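Data block below; observations after.
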Amino acid sequence: MIPGNGLFVTATDTGVGKTVVTAGLVRSLRKKGFRIGVMKPMQSGHLRTDPEGDGMRLKNWTESQTPIDRIVPYSWSLPVAPGLAAYLAGESVDIDWLLQEIHMMVQINDGLLIEGAGGWLVPIGNGWTIADFAAAIGWPTLVVARPGLGTVNHTALTVAAIRQRGLSVTGVVINGSKPEDPSPDLPYNAQLIEEVADVPVLGTIPWLGDTWSPKELEETILSHLNLTPILHLWNRKEEIAHDHLGTSDPTSS
Ligand SMILES: Nc1ncnc2c1ncn2[C@@H]1O[C@H](COP(=O)(O)OP(=O)(O)OP(=O)(O)O)[C@@H](O)[C@H]1O
Ligand SMILES: [Mg+2]
């Protein structure tokens with residue numbers, strides 16, 4: 001396990017909202033006094049300097065001063081799983097080197113958020129998957145899930161697969177709920193995920209529309225997610241007390 005305060009962000013599928021949630025969490029945790037770093041170790045679909053790619057989005061949305069090649073050590077232009085993108089480019093991922101980069105990044109921060117790629121069993125080359133990579137890092141995980149029908153099953157399967165690798169799941173974030181969506185399961189899915197997967201749901205982030213600002217994302221995360229399990233993980237008791245006062249126990253001041 002890499003020493004330091006880290007969190008590995010995965011999801012039930014690609015396109016569920018890892019980048020948006022990770023960027024929002026970096027900003028929100030910073031607001032609570034942490035110096036937070038962010039990485040997307042393997043990015044496919046966009047080269048690292050492409051502003052539409054996850055790395056540049058994470059860098060811009062979090063206003064990070066870290067050079068992009070530290071945030072995104074590997075990138076490929078093909079929009080396929082990292083293992084296949086690397087293979088088709090005639091390359092392979094050097095896991096030991098990646099682990100060293102992560103080690104360096106976590107050392108210089110109070111906390112480091114790592115965005116995976118796609119879902120939990122996405123191939124990254126040489127028979128490895130994101131699960132193997134996350135297990136080599138050894139950090140607790142956060143699962144980003146869809147709001148709608150199918151999410152209880154997908155989330156519970158992902159949580160079970162993570163625990164099978166001996167890693168903990170700090171919580172689930174449901175991302176992209178649309179208040180106008182009439183689907184009758186929506187108000188129940190968070191509770192059903194907690195029951196079926198036995199995991200805390202930190203909250204539900206609404207769909208912010210086509211245009212939103214990083215500040216708006218930060219405010220949405222701070223008002224819709226319970227960050228206490230993450231703060232607890234990183235053992236900042238002072239901040240946890242503050243978070244409790246701010247969100248769940250207005251009578252105890
Ligand atoms: N809550 C939201 N409100 C508005 N737009 C969102 C929200 N969540 C995600 N999006 C948009 O949906 C798309 C997919 O989200 P995102 O890129 O975060 O998914 P991802 O899980 O990181 O995907 P990948 O597997 O490619 O890394 C992006 O265009 C993103 O800006
Ligand atoms: Mg992403």
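In case you wondered, yes, glycine gets a Cβ from its N, Cα and C as well.
Automatic, uncurated: that is what TrEMBL annotation is.
If you draw a 10 Å sphere around the CB of Lys40 (active site), it holds 28 other CB atoms from the protein chains shown. TrEMBL lists Lys40 with the feature active site.
The feature ATP binding site is assigned by TrEMBL to Gly15, Val16, Gly17, Lys18, Thr19, Val20, Asp54, Glu115, Gly116, Ala117, Gly118, Pro206, Trp207, Leu208. For Gly118 (ATP binding site), the number of other Cβ atoms no farther than 10 Å from its own Cβ, over all displayed protein chains, is 23.
Residues or ranges marked as Mg(2+) binding site by TrEMBL: Thr19, Asp54, Glu115. Residues within less than 8 Å, Cβ to Cβ, of Glu115 (Mg(2+) binding site) and separated from it by at least 6 positions along the same chain comprise Val9, Lys18, Thr19, Thr22, Val38, Met39, Lys40, Asp54, Leu58.
According to TrEMBL, the substrate binding site annotation covers Ser44. In sequence order, Ser75, Trp76, Ser77, Leu78, Pro79, Val80, Ala81, Pro82, Leu84, Ala85, Ala117 are the residues of the chain that are 6 or more apart from Ser44 (substrate binding site) and have a CB within less than 8 Å of its CB. Secondary structure at Ser44 (substrate binding site), taken from DSSP and collapsed to helix, strand or coil, is strand.
Neighbours of Gly15 (ATP binding site), defined as other CB atoms within 10 A of its CB across all chains, total 10. Only Gly15, Gly17 of the recorded positions listed as Gly15, Gly17, Lys40, Ser44 bring a Cβ under 6 Å of any atom of ligand 1; the order follows the sequence. Sitting within 8 Å of the Cβ centre of Thr19, Asp54, Glu115, and not among those site residues for Mg(2+), are the Cβ atoms of Val9, Lys18, Thr22, Ala23, Lys40, Gln43, Gly55, Arg57, Leu58.
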